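Working notes, beginning with the structure itself.
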Amino acid sequence: MSRVVRAPRGTELHCKNWQIEAPYRMIMNNLDPEVAEDPANLIVYGGAGKAARNWEAFDKILESLENLEEDETLLVQSGKPVGIFKTHEMAPRVLISNAMLVPKWANWETFWDLEAKGLTMYGQMTAGSWIYIGSQGIVEGTFETFAALAKKHFDGSLKGKFVLSAGLGGMGGAQPLAITMLDGACLIVEVDRNRIKRRLETKYLDVMAEDLDEALGMVMKAKEEGRALSVGLVGNAADVHPELVRRGIIPDVVTDQTSAHDPLNGYVPNGMTLDEAIALRKSNPEEYIKRAKKAMAEHVLAMLEMQKRGAIVFDYGNNIRRMAYDEGVKDAFNIPSYVPEYIRDLFCEGKGPFRWVALSGDPEDIYKTDQKVLELFPDDPILNRWIRLARERVKFQGLPARICWLGYGQRAEFGLAINEMVRKGELKAPIVIGRDHHDTGSVASPYRETEAMKDGSDAIADWPILNALLNTASGATWVSVHHGGGVGIGYSIHAGVVVCADGTKETDLRIERVLTGDPGLGIVRHADAGYEIAIKTAKEKGIKMPMLK
């Protein structure tokens, strides 16, 4: 019988204060069956992104937090608690490093070897940093991306447009909801029937289809009628996409959210059933990887052909282009990345994914904070539309949570307002405030967030390290540095931060420092690279940059 983990609710503490209770509840929330993709194996999302290295390490993390003093800091090395040291009350209670490798050895083969020896763990982005909130965590970012695409190409709406993608895991599961929120009709291909069923249960997906003809019939009818509809098709994109090309059916928009970043534990080869693929993964991993990469090449070739025939095609940051390129698809990078196409201008303004979680477990706490963010920022139309749609259509997974994109100044203002609500007793318990690592100044990822930087600094990884150091110095509740999230081992370095709004005056200082410096560094990073929007923002906001002219 598999173990079931669920975060405590209510106001009873299991640790010495809320600054320690917060990571205690959030690591458990990451493994809640409502939240995690494969909780029995400690896998939260993203192929093999884990919350802890093994169950023994998980239990020791909880035990360490239960006994942690208010002026101590727990160190976690790739999902394993390795030390507790006396620091001070304003220091982080937990510091995490996941999957870090010396650059010469930063590749999947070395990582898998070390993982098999029990020495490391893949933390993805928010899996190993204990701030994953289910598919909602990416829905809003996906909504922002498709909204920017719709604004650029289709007068702000996806109405009457056919969007094709694949992957309905923890990340990809956000796609159908985001697309239908913008009135589009979409077909999402997924090999795992259970993942499709899960998205139906959470109301992120409208319909499941077993047959391509059936799926196309529904999607094309919805497109013609200008009706929002999402269809999940049981199938493999490496088979389905080439078949669409053969039939001459070219969608308006094409992207991909399969776990292509991980050719062993993520992407599933075509030409076999899912059960056969899982068996091959265990019996002959080298053959599995070979077949997976071949399938990715076929997948990308079909996307390129659709692009040539007029589809708007973009890469959604899963490194599928690189995998295909390595298999001989030399024009794979003709497909542009979503960040320079649709998101970078937002990063230049210090905007990014801001999330908060009700430690009480009471949805009313989130609804009250929804109202507060609308009161604070009434002139932001995308934010207001998102909050309204999220309240109507996003089902909570695990502890109730919300996400929205906020910029420099907005984050600190809202964070302080939340802390004031806790202090006044308007909320039943403290609120955890965090973000995805996919943010303005916290990641170096040349095939995703930092692709095609203006000054050529795509691979410069000082920025996420500076981000983690700054957030530690600013007094965050916990800080993490990870390797390989989103695009796989060897391709990214990134940092996460969480602060617990416990209602105290001391936490006002934490919040103001963390939620100002964190997005502020993103503006600095982009201004340093020569982006005019970031330079203008830095000057307007009074951000000190010694070498800014």
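The backbone N, Cα and C atoms fix where each Cβ goes, and this holds for glycine too.
Database features (Swiss-Prot):
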- Cys404: active site (ACT_SITE)
- 46-47, Gln124, 170-172, Glu190, Arg195, 236-237, 257-261, 267-268, Tyr316, Gly486: NAD(+) binding site (BINDING)
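Shown here: features listed in Swiss-Prot, placed on the structure.
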| residue | record | DSSP class |
| --- | --- | --- |
| Gly46 | NAD(+) binding site | coil |
| Gly170 | NAD(+) binding site | coil |
| Glu190 | NAD(+) binding site | strand |
| Ala237 | NAD(+) binding site | helix |
| Ser259 | NAD(+) binding site | coil |
| Tyr267 | NAD(+) binding site | coil |
| Cys404 | active site | strand |
| Gly486 | NAD(+) binding site | coil |
**Asked** Counting every protein chain present, what is the number of Cβ atoms, excluding its own, within 10 Å of the Cβ of Gly170 (NAD(+) binding site)?
**Response** 30
**Request:** Just name the winner among Gly46, Gly486 (the binding-site residues) by count of other CB atoms within 10 A of its CB.
**Result:** Gly46
**Request:** Please report the number of other Cβ atoms within 10 Å of the Cβ of Ser259 (NAD(+) binding site).
**Result:** 27
**Request:** Could you state the whole-number distance in Å separating the C-alpha atoms of Gly46 (NAD(+) binding site) and Cys404 (active site)?
**Result:** 21
**Message:** Between Ala237, Cys404, which of the recorded positions has its C-beta surrounded by the fewest other C-beta atoms within 10 Å?
**Reply:** Cys404
**Message:** Validating a neighbour-count step here. Other CB atoms within 10 A of the CB of Glu190 (NAD(+) binding site): how many?
**Reply:** 27
**Item:** Under 8 Å by Cβ from Tyr267 (NAD(+) binding site), same chain, sequence gap 6 or more
**Value:** Thr258, Ser259, Ala260, Ala292, Ala295, Met296, Met323
**Complete:** Here the Cα-Cα span from Cys404 (active site) to Gly170 (NAD(+) binding site), rounded to a whole number of angstrom, reaches 18
